[in-house]
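Trainee: Would you mind keeping the following structure in view while I ask a few things?
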Number of protein chains: 2
Amino acid sequence: MKTNKPLILITNDDGISAPGLRALISVMAELGEIVVVAPDAPQSAMGHAITTNSTLYLNKISLEGDSFTEYSCSGTPVDCVKLAVNEILKRKPDLCVSGVNHGSNSSINVIYSGTMSAAVEAGIEGIPAIGFSLLDYDWNANFEPIKTFIKKIVLEVLENGLPQGVVLNVNFPKLEEKDIKGIRICRQAKAFWAEKFDKRKTPQGRDYYWLAGEFINQDKGEDTDEWALENNYISVVPVQFDLTAHHAIQNLNTRNWNE
Amino acid sequence: MKTNKPLILITNDDGISAPGLRALISVMAELGEIVVVAPDAPQSAMGHAITTNSTLYLNKISLEGDSFTEYSCSGTPVDCVKLAVNEILKRKPDLCVSGVNHGSNSSINVIYSGTMSAAVEAGIEGIPAIGFSLLDYDWNANFEPIKTFIKKIVLEVLENGLPQGVVLNVNFPKLEEKDIKGIRICRQAKAFWAEKFDKRKTPQGRDYYWLAGEFINQDKGEDTDEWALENNYISVVPVQFDLTAHHAIQNLNTRNWNE
């Protein structure tokens, strides 16, 4: 019975035509009824951007009789989730999966990532959600080695759900399937990008900048996502959207703000 | 001596010409040496977006002899902070302030906010940072009543710093100064936007959507930012960028991911 199948919303930030999205669709099609709503163009590094001051368009791509429903959207990854839930899906989905991103979203990258922001948005709306990323920025990256693991993770989440207010950030090392050691629950490593801007001149002589930079991991903890990935594990970080630094409240309450 | 003054980076997401930015500049000019780097156009709701696939421009607006240095930037609020720190400032600033935003960034709004993402970016780079927002979306909002409080908060942070990995999300109720009861340290309320899209047709007959929606606060806690603001207090939420849901790690480790 089609109605007994879980309803799975699929999105990404590399855009509707990205091979990573196609790989995710191929795995999800085995597990449930799927609806794809993805940006009509690449939206990497869009973070949790939403379109409030402009219009949004949806284009239905799938045809009558296709095995799943597919839309492209003119907005950001977060817009895709909002439009899918409010305008496309007939009921709240059982799961939202985002990716597979072409490139890492481990450690601090989670905060810049459109892939993860789409998953977080689903989480805010009460939908269990997972973002998947492969440590290979190549458009022609090989997603075959990770398909079995994606399926395993999704089945576990479909069966047992996720803790309230938590979505998963899953990163895969760039390895053959046989060389992947397994799945590890991790915390986000303390890392940052040491920015360098490449300063250039336009043909008209005006200065412009390209963002470049070097990833610096300061965190040697073996419970981090960076450690797991460097040691051939798949990292799974539970991510929350209550950003309160609860541990800092005591310190701040000792100060004299009102004097 | 000019060199003894704290160096303060000022940015926002409403753009270089926003009255909220001008209000913040007027307060900061009394407290330190200031450098302004703000988007050349409004960038609200940009979240933690960065420009990785395109070029960035900086335009110096201040002239030789002006009392402070000011640039507009073609990128997002986070781009502004990165460019300021790497290309404009001669040393790491002592403080980064962002805003004053025209409109609330309390509770879940923190995650969509360009104002707060700029502050978070500064925090990631190890700079004490504060985002300020006034609960008034009007371009002609009155920022006079909150200036004394901004000064008080900034002086406290300049003197005593902030806990590591923490930036402040400060929201002001829309009130006369005499009606503001004081400053409260809070946690982020559990709230969300119940989206509604306004579906319209272009003059050519194509469907498009405007994001609308209703803010729903589910959290009655008197320690929340929403409670503080409704009760005429200024809310100060410590915000972190380690997004790990540490409390969920035990639960996830009880599961059979590798079987």
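Here the Cβ of each residue, glycine as well, is placed from N, Cα and C on the backbone.
Note that TrEMBL annotation is computational and uncurated.
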Trainee: Which of A:Asn101, A:Asn109, A:Asn140, A:Asn142 does TrEMBL put in the same divalent metal cation site as A:Asp13, A:Asp14, A:Ser44?
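Mentor: Among the candidates, TrEMBL records only A:Asn101 at this divalent metal cation site.
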Trainee: Measure from each Cβ of the binding-site residues A:Asp13, A:Asp14, A:Asn101 to the Cβ atoms of chain B, and list in sequence order the residues where some distance is under 8 Å, or 'none'.
Mentor: none
Trainee: Starting from the Cβ centroid of A:Asp13, A:Asp14, A:Ser44, A:Asn101, the recorded divalent metal cation site, name every other residue in that chain with its Cβ within 8 Å, sequence order please.
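Mentor: Result: A:Asn12, A:Gly15, A:Ala18, A:Gly20, A:Pro42, A:Gln43, A:Ala45, A:Pro77, A:Gly99, A:His102, A:Gly103, A:Ser113, A:Gly114, A:Thr115.
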Trainee: Measuring CB to CB from A:Asn101 (divalent metal cation binding site), give everything in the same chain under 8 Å that is also at least six residues away in sequence.
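Mentor: Once residues fewer than 6 apart are set aside, A:Asn101 (divalent metal cation binding site) is near A:Asn12, A:Asp13, A:Asp14, A:Gly20, A:Ser113, A:Thr115, A:Gly131, A:Phe132, A:Ser133, A:Leu134.
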Trainee: Which residues of the same chain, at least 6 positions away in sequence, have a Cβ lying under 8 Å from the Cβ of A:Ser44 (divalent metal cation binding site)?
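Mentor: The list for A:Ser44 (divalent metal cation binding site) reads A:Asp13, A:Asp14, A:Gly103, A:Ser113, A:Gly114, given in order along the sequence.
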Trainee: Taking every protein chain in this structure into account, which of the binding-site residues A:Asp13, A:Asp14 has the most other Cβ atoms within 10 Å of its Cβ?
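Mentor: Sorting the candidates by Cβ neighbours within 10 Å, the top entry is A:Asp13.
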